[in-house]
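Per TrEMBL, the features are as follows:
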- 12-30: transmembrane segment (TRANSMEM)
- 17-458: domain 'Major facilitator superfamily (MFS) profile' (DOMAIN)
- 50-71: transmembrane segment (TRANSMEM)
- 83-102: transmembrane segment (TRANSMEM)
- 108-129: transmembrane segment (TRANSMEM)
- 177-195: transmembrane segment (TRANSMEM)
- 207-235: transmembrane segment (TRANSMEM)
- 241-259: transmembrane segment (TRANSMEM)
- 280-298: transmembrane segment (TRANSMEM)
- 310-332: transmembrane segment (TRANSMEM)
- 362-382: transmembrane segment (TRANSMEM)
- 403-425: transmembrane segment (TRANSMEM)
- 431-452: transmembrane segment (TRANSMEM)
Amino acid sequence: MKTADKTRETPAFPKTFIMAMIFGVGLNPVNSTLISTALAPISHDLRIDAGRATLLISALYLTCAIAQPTAGKLSEIIGPRSVFMAGAALVMIGGLLGGFAPNLGVLLTSRVLIGAGTSCGYPAAMLLVRRRADRMGLAEPPLLVLSILAMVGLVLIAVGPPLGGLLVTFLGWRSTFFVNVLVGIITIVLGLASIEPDAKHEHRMTVSFFIAHLDVMGLLLFSITISALLIVLMSLPTFDKVSGCVTVIALLAFVAWELHAATPFVDVRSLAADNAMTLNFLRAMLTMLGAYVVMYALPQWLEDACHMNAGVSGMFIIPMGVVATVASLSIAKKPIVRLPLMVCCSAMVAVGMLLACTSSAGMVVLPLTASAVAGLVLGLSMSTSQTVLYRRAASEHIGTSSGLLRTSIYIGSIGASSLSGVFFGETVTDGGLHGIGITVAVLGVAALLATVMDRTLR
């Protein structure tokens, strides 16, 4: 049976196609991490303070949180190949613009273009994989291909910072932008060689057609909701009341509009009826928060409370990347998701307890263990949430659903950063780390209960 499945999958997913997907999907995580090592030299060269330089990170996150489901919707309307290629082209333009940028304003524009372009890769790739699998009559998801897509992000999260460091050291910070041109060209060449043209449409691609099918008002309300929510999260521990009110009002307006839209941007009615999909988004958001909080808070605590240098504190995150990759590989060809998800959520509880027990006067075993267990959360969450989405989403909506999954992950990662700000405040202490740990453990219990009660998982 395994041999038969393998022979059926091979024609549908040749190596050139998989390589195109890897490069397309990889553009987003590599651009999320490369910039971290370039902020200091950018601040120095452009004579801006460090706080303003971090806008380059926020600009990408905000753009991606909105653009991922938008790109998914566009993939469903005009075709995934067109969106995939357009995304790579946008990344190239953004890379060139950033490489020659004379000031922060141009750099921010570059990052927005890069964010929009890299957001096209994952939703389009998921739709391309789904359509190929449907054409081949595959009853089960192509787990190996899905695992590869998940592992691309995991590997590049770990490789991005050291790669960025090498580029900045030997070629300067502008190389972290110019590299997008090379990767974009490779992505387009591989895409042209392996992705079949999109089907011809019965209707002409006019402005009125796009307005009718894209649901521009729904997209606008969604964008306002997500933007305001991210501003609230990034402003913590201070609560931005205006942004909080805008978030609630825009969300209510968005839901009301989508319930009556002829072709909704997000099918809220179906999402509300499909508890499994809704839980999948929430679980992904919570577990990503649990994993990313270790990536953000642990090095900060090690440097400020334990007085380690940045090079040493960064080494504590290595177990996280290694375990995440191994965990994702371990379930690459296994169709079950319930057990891995229960292990994932239980591991999140364990991460919280480990952080709550860690002390600056203690041994390094606990923070190293917390990093490794967080890797288990990261690897299992990325792979299983993707598989659940693939199974639950209808073929015609998998692009938008994939984008919404990525938006959930972005909200979780930004929430992790905000959690560190809330508990650490002006001074990083053991008590702050313990508060983070207790919060993570409680959220882990909530995610575990949601998983146990979800009878659709198998």
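A Cβ is built for glycine as well, from the same backbone N, Cα and C atoms used for every other residue.
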| Stretch with greatest number of CB pairs under 8 Å, the transmembrane segment (83-102) reference, 12-30, 50-71, 177-195, 310-332, 403-425 candidates | 177-195
| field | Leading stretch by Cβ pairs under 8 Å, where the reference is the transmembrane segment (280-298) and the options are 241-259, 362-382, 403-425, 431-452 | value | 403-425
| query | Is it the case that the transmembrane segment (108-129) and the transmembrane segment (241-259) have 3 or more CB pairs under 8 Å, with pairs at least 6 apart in sequence? | reply | no
| said: Let me spell it out: take the transmembrane segment (12-30), skip the flanking residues so only those 6+ beyond its ends count, and list any with a Cβ under 8 Å from a Cβ in it. | reply: 64, 84, 87-88, 91, 117-122, 124-125, 128-129, 132-133, 135-136, 138, 142, 145, 148-149, 152-153, 156-157, 159-160, 163, 180, 183-184, 186-187, 190-191, 193-195
| Who are the long-range neighbours of the transmembrane segment (403-425) in its own chain, taking Cβ under 8 Å and residues 6 or more past its ends? | 61, 64-73, 119, 122-123, 226, 229-230, 233-234, 236-237, 266, 280-282, 284-293, 295-297, 300-301, 385-386, 389, 432-433, 435-436, 439-440
| message | Can you work out which residues elsewhere in the same chain, 6+ from the ends of the transmembrane segment (431-452), have a Cβ less than 8 Å from its Cβ atoms? | response | 279, 282-283, 286-287, 289-290, 293, 297, 301, 305, 338, 341-342, 345-358, 419-420, 423-425
| request: Would you report the average pLDDT that the model assigns to the domain 'Major facilitator superfamily (MFS) profile' (17-458)? | output: 88
| query | What else in the chain is close to the transmembrane segment (50-71), if you only count residues 6 or more beyond its ends and a Cβ gap under 8 Å? | reply | 28, 31-32, 35-36, 39-40, 42-43, 83, 87, 104, 107-108, 111-112, 114-116, 118-120, 122-124, 219, 222-223, 226-227, 230, 234, 265-266, 399-400, 402-404, 406-407, 410-411, 413-414
